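Chemist: According to TrEMBL, the feature transmembrane segment maps to B:31-50, B:57-77, B:83-104, B:125-145, B:157-177, B:182-203, B:209-228.
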Amino acid sequence: MSNSFTGSNRLTRRHSIKLLAAAMAASLLPAWPGFAASSGRWQKAIGASNKTLPVIGMGTWRTFNVGNDARLLAARTELVKAFFELGGGMIDSSPMYGSAPDVMGHALSQLDMADSLFAAEKVWSPAGGSAREQVADLQKRWKIPQFDLLQVHNLSDWREHLAVLRELKAAGKVGYIGITTSHGRRHSEVEQIMASENIDFVQLTYNISEREAENRLLPLAKEKGIAVIANRPYNGGSLINNLKRRGERLPGWAAECGCTSWAEFLLKFIVSHPAISCAIPATTRLEHLQENMRAGLNPMPSAENRKQMVRFFDSL
Amino acid sequence: MNNYVSYQLQDFIPFSADVYFRLLERINETWWPLHLLGLALGATALVLALKKRERLVWLLIAPVWAFVAVVFFMQYYAQLNWAGHYVGYAFLAQAILLLLLALAGFSRSKVSAANTSAVANSRPAAVAIGLGIALTGLLALPLMATLSGGGWWQAQVFGIHADPTAISTLGLALMLLRGWRLWLVACIPMLWLLLSGLTLWVLQATEAWLLFAVLAAALVGIAVLCRYPEKKA
């Protein structure tokens with residue numbers, strides 16, 4: 001899929017200058033390897049590999065669990081279509097998310113534009129069946145031949161599942177493997193796994209109000225070349241909803257790093273962390289998706305901007 | 001961070017409010033006009049309960065629970081929540097329990113002679129609470145859909161949806177049963193109403209408060225009836 005600017009995203013002189021400035025700034029940042037600006041949309045390398053990933057992906061918790069409701073299936077298909085049109089890549093789901101994998105399968109089968117799809121799924125013990133059975137079942141539900149990434153959901157029986165996922169990867173049946181956690185749970189165990197196991201991805205909660213991962217997990221991920229997916233970028237919606245409800249305004253300097261909405265402010269903060277590969281906000285609304293995807297455009301906050309963002313957020 | 005403290009109620013609700021209310025709407029679109037039969041069954045059961053025709057009441061209500069188990073939970077709700085099948089099995093168990101009450105007739109309870117007059121005094125209060133709860137399930141809950149802006153197609157109806165079925169059954173149980181039999185029959189409806197109330201609360205639906213009020217009233221009714229023990233055999 002093309003990532004070129006189209007329609008309202010047309011490249012202007014101002015954009016060009018900002019792009020140039022951002023590119024120069026990026027070249028001066030020693031701690032930010034692994035990302036590449038592609039037509040203004042930010043991508044980051046997956047660990048030490050050459051493959052890159054758009055920094056804004058899409059989560060499906062709650063939002064894609066619509067059962068076989070024809071009206072809502074059509075609405076979610078439109079959302080996935082827009083996601084790809086806006087340069088989206090990673091879509092993350094789980095057998096824990098009810099009908100979300102089936103809904104994704106329905107959407108993908110309706111669309112002929114999923115080349116950029118980076119399909120991420122999970123295995124989860126309470127879903128029943130072995131890890132292999134779960135993966136086979138999920139592939140049928142997504143209607144795709146194989147996943148790009150398979151993760152152990154919330155560390156459930158991670159030793160057994162990770163062993164199976166490693167076999168699948170060795171057999172070429174999945175591109176990458178990883179583990180997930182959320183809400184800051186079991187970070188010490190996550191750290192042990194990251195340090196001792198050969199994994200490509202770790203998914204954890206990281207946002208401007210939950211920055212615990214900065215202490216140990218993100219540096220370790222950087223050191224080990226493990227790609228990091230940030231879940232709950234809006235803290236389940238409460239973070240952005242509270243800011244909007246209180247009528248908080250963006251600081252004037254936010255525009256310098258391309259933040260024209262709270263969505264962009266919050267997401268750009270996340271994906272500009274050197275260790276974060278991708279954030280996966282979830283939504284059911286097209287306008288929110290568009291806001292989210294704009295966060296993946298240049299310019300990005302510098303290290304100094306990030307400090308400013310934290311200071312500003314903490315002062316609210 | 002403590003793993004258990006970090007969980008919030010919303011972490012266990014895998015669907016959004018609009019999807020849940022669309023689910024109710026889709027069930028209504030599919031099964032209309034079976035709702036009329038459901039309401040007629042509920043109203044008949046209520047009249048029979050007032051006439052203390054216990055076995056007939058449970059005979060009418062048992063298939064309703066089986067229908068809700070299979071259609072509401074297993075065919076629809078389980079699409080959104082993997083736990084839906086298990087709740088469906090619980091509703092089927094309740095259907096079997098009610099059928100046993102109807103066929104075996106061991107719902108009749110005895111009271112000690114010393115407590116006869118006390119029970120006679122407490123019974124009208126429990127019947128009134130039970131009647132109020134049963135009417136809430138039959139009439140108030142369906143009306144709430146229109147009051148909360150959902151429209152008639154999102155109305156929850158006795159015999160079709162889980163909440164009004166559980167509410168009215170709880171009311172009927174209060175009108176007819178005492179002691180361990182009351183607890184036995186009330187257990188699954190109350191657990192479901194607690195679960196559903198918490199779900200609706202997370203979804204910020206007004207109906208949540210009605211469900212919590214019903215639970216509180218039912219507990220008061222049970223407490224009134226439990227003051228008078230049954231005679232030991």
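For all residues, glycine too, the Cβ spot is worked out from N, Cα and C.
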Chemist: Within this structure, do the transmembrane segment (B:125-145) and the transmembrane segment (B:182-203) have 3 or more Cβ pairs under 8 angstroms, counting pairs 6 or more apart in sequence?
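Modeler: When sequence-distant Cβ pairs are counted, the transmembrane segment (B:125-145) does not touch the transmembrane segment (B:182-203), since fewer than 3 lie under 8 Å.
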Chemist: Can you work out which residues elsewhere in the same chain, 6+ from the ends of the transmembrane segment (B:83-104), have a Cβ less than 8 Å from its Cβ atoms?
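Modeler: That would be 54-59, 61-66, 68-70, 72-74, 76-77, 162, 169, 181, 184-185, 188-189, 191-192, 195.
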Chemist: So which of B:31-50, B:57-77, B:125-145, B:209-228 is most in touch with the transmembrane segment (B:157-177), counting Cβ pairs under 8 Å?
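Modeler: Ranking B:31-50, B:57-77, B:125-145, B:209-228 by Cβ pairs under 8 Å to the transmembrane segment (B:157-177) puts B:125-145 first.
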Chemist: Going along the chain, which residues at least six beyond the ends of the transmembrane segment (B:57-77) come within the CB cut-off of under 8 Å?
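Modeler: Result: 23, 26-27, 31, 38, 41-42, 44-45, 48-49, 84-85, 87-92, 94-96, 98-99, 101-103, 107, 158-162, 165, 169, 172, 176.
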